[in-house]
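K.L.:
Following this message is one structure expressed as structure tokens.
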Amino acid sequence: MNDQSMTIRGKDRYKSGVMAYKKMGYWEPDYVPKDTDVIALFRVTPQDGVDPIEAAAAVAGESSTATWTVVWTDRLTAAEKYRAKCYRVDPVPNSPGQYFAYIAYDLDLFEPGSISNLTASIIGNVFGFKPLKGLRLEDMRLPVAYVKTFQGPATGIVVERERLDKFGRPLLGATVKPKLGLSGRNYGRVVYEALKGGLDFTKDDENINSQPFMHWRERFLYCMEAVNRAQAASGEVKGTYLNVTAATMEDMYERAEFAKELGSCIVMIDLVIGYTAIQSMAKWARKNDMILHLHRAGHSTYTRQKNHGVSFRVIAKWMRLAGVDHIHAGTVVGKLEGDPNTTRGYYDICREEFNPTKLEHGIFFDQNWASLNKMMPVASGGIHAGQMHQLLDLLGEDVVLQFGGGTIGHPMGIQAGAIANRVALEAMILARNEGRDYVAEGPEILAKAAATCTPLKSALEVWKDVTFNYESTDAPDFVPTAIAAV
């Protein structure tokens, strides 16, 4: 779009009154971002009649140093340095009235190692700006100098696998169902049967904390008894994600300490506790040698809509900085929102040391993670044993596959559900390691395994026709164009 700078220079720049943002220095098409700049990509939908350049410049201004009128105190600062600079505005393909705005922020605008401070600027005030119909933060480029101020995941994928002594396959889990209403004893029974049947983990759901039907301490005691018995019976390392989410940090620390005293290797928190609390728990987890699982409870309130909010790829980047070890990242084939290419982009952010620009996955910038540990993505929500070949193909092996209903809803019982999932996974991994086309042959591989495994046979019969084929609300805006061979 318009590549001419409109910035007013000299004393007229600070004349009292209202001035267009693009004339105040927030639109600089000649600006070349520095390696140390934080770069944000916004999807901007201006109100009818609002100039897209002015709208993008307003986003830059309101997320950095500007207010609605000129203030003379700007002259007391290094204003040229501290102003965010929108340097590029492009129409969004196939989305009339929407524009991608690229905005660069000087690193000195942000407190080191603070997600709360970063978000207070980038998404703090500007999303309610009246000249915009909608605003969405699509992606960010975080400079190495900034990334290095964060601790990153407390444990990381490599150490977690070493601790569990499980390699070469996805980990298996299940969320205890029903999520609310069970007594502590019955809750522990579910955990025991699922782990004994072959799962690696079970987990609390996002809203099980400490309610009248089951106090948190009671749940922790019964769950860890179940874990210990399942480990003794199977000879494998097992775990259960004990949700320590609570009303205050003091309560969360108390619950986490109790989980540690009982011998748990992992604790869980919800995204809704907030960025400061998440970072605090991540520091506790590293100090106490614990794995930290994050349930992304509440994320869809601002990640799902295409024209307003924050993309989950950005949330994933923030959480890798913050220091969680596990994060729910979508399933593609399950019941929850998840375009295949977009979801692959989320998984790339979790697991790669360097993310190259990959527009078909929604990744707009190269991202160097500066040796921060990798996060283990978690696939959960509406998946079952009959999809095992698809899950392995789409999500890879560094992932936790959580079959909640697909374990506990098994017609032969919880342990049988766990056996079905474990046998299906082992059969698919064997086929992959033998060099077979396990994606194309997946149904055949599962049918052969089911011939000698009644629980798997039953699972395939019950859920064979269950699919969740709905159009995604968040597909990438760019896809590769085929080039004819010459």
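Using the three backbone atoms N, Cα and C, a Cβ is placed for every residue, glycine included.
When I checked Swiss-Prot for this same protein, it listed these features:
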type	residues	note
BINDING	Asn125, Thr175, Lys179, Arg296, His328, Ser380	substrate binding site
ACT_SITE	Lys177	active site, proton acceptor
MOD_RES	Lys203	N6-carboxylysine
BINDING	Lys203, Asp205, Glu206	Mg(2+) binding site
ACT_SITE	His295	active site, proton acceptor
SITE	Lys335	site 'Transition state stabilizer'
K.L.:
Enter the number of other CB atoms within 10 angstroms of the CB of Ser380 (substrate binding site).
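P.N.:
For Ser380 (substrate binding site), the 10 Å Cβ neighbour count is 24.
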K.L.:
Compute the centroid of the Cβ atoms of Lys203, Asp205, Glu206, then list the same-chain residues not in that set whose Cβ lies within 8 Å of it, in sequence order, for the Mg(2+) site.
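P.N.:
Here the non-site neighbours turn out to be Thr175, Val176, Lys179, Asp204, Asn207, Ile208, Tyr241, Asn243, Met268, His295, Ala297.
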K.L.:
If you measure from the C-alpha of Glu206 (Mg(2+) binding site), which of the recorded positions Asn125, Lys177, Lys179, His295, His328, Ser380 fall inside 10 Å?
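P.N.:
Checking each Cα against Glu206 (Mg(2+) binding site), the hits are Lys179, His295.
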K.L.:
From the recorded positions Lys203, His295, Arg296, pick the residue whose C-alpha lies nearest to the C-alpha of Lys177 (active site, proton acceptor).
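P.N.:
Comparing Cα positions, the candidate nearest Lys177 (active site, proton acceptor) turns out to be Lys203.
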K.L.:
Neighbour count, 10 Å Cβ-Cβ cut-off, for His328 (substrate binding site): what number do you get?
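P.N.:
Result for His328 (substrate binding site): 24 neighbouring Cβ atoms inside 10 Å.
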K.L.:
His328 (substrate binding site): which of the recorded positions Lys203, Asp205, His295 have a C-alpha within 10 angstroms of it?
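P.N.:
Qualifying among Lys203, Asp205, His295: His295.
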K.L.:
Drop a 10 Å sphere on every Cβ of the binding-site residues Asn125, Thr175 and tell me which sphere holds the fewest other Cβ atoms.
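P.N.:
Least crowded of the binding-site residues Asn125, Thr175, by Cβ count within 10 Å, is Asn125.
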K.L.:
If I take the alpha carbons of Arg296 (substrate binding site) and Asp205 (Mg(2+) binding site), what is the distance between them in whole Å?
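P.N.:
Rounded to a whole number, the Cα-Cα distance is 11 Å.
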K.L.:
Long-range same-chain neighbours of Asp205 (Mg(2+) binding site), Cβ under 8 Å, sequence gap at least 6?
P.N.:
Thr175, Val176, Lys177, Lys179, Leu180, Asn243, His295
K.L.:
How many Å lie between the Cα of Ser380 (substrate binding site) and the Cα of Lys203 (N6-carboxylysine)?
P.N.:
11
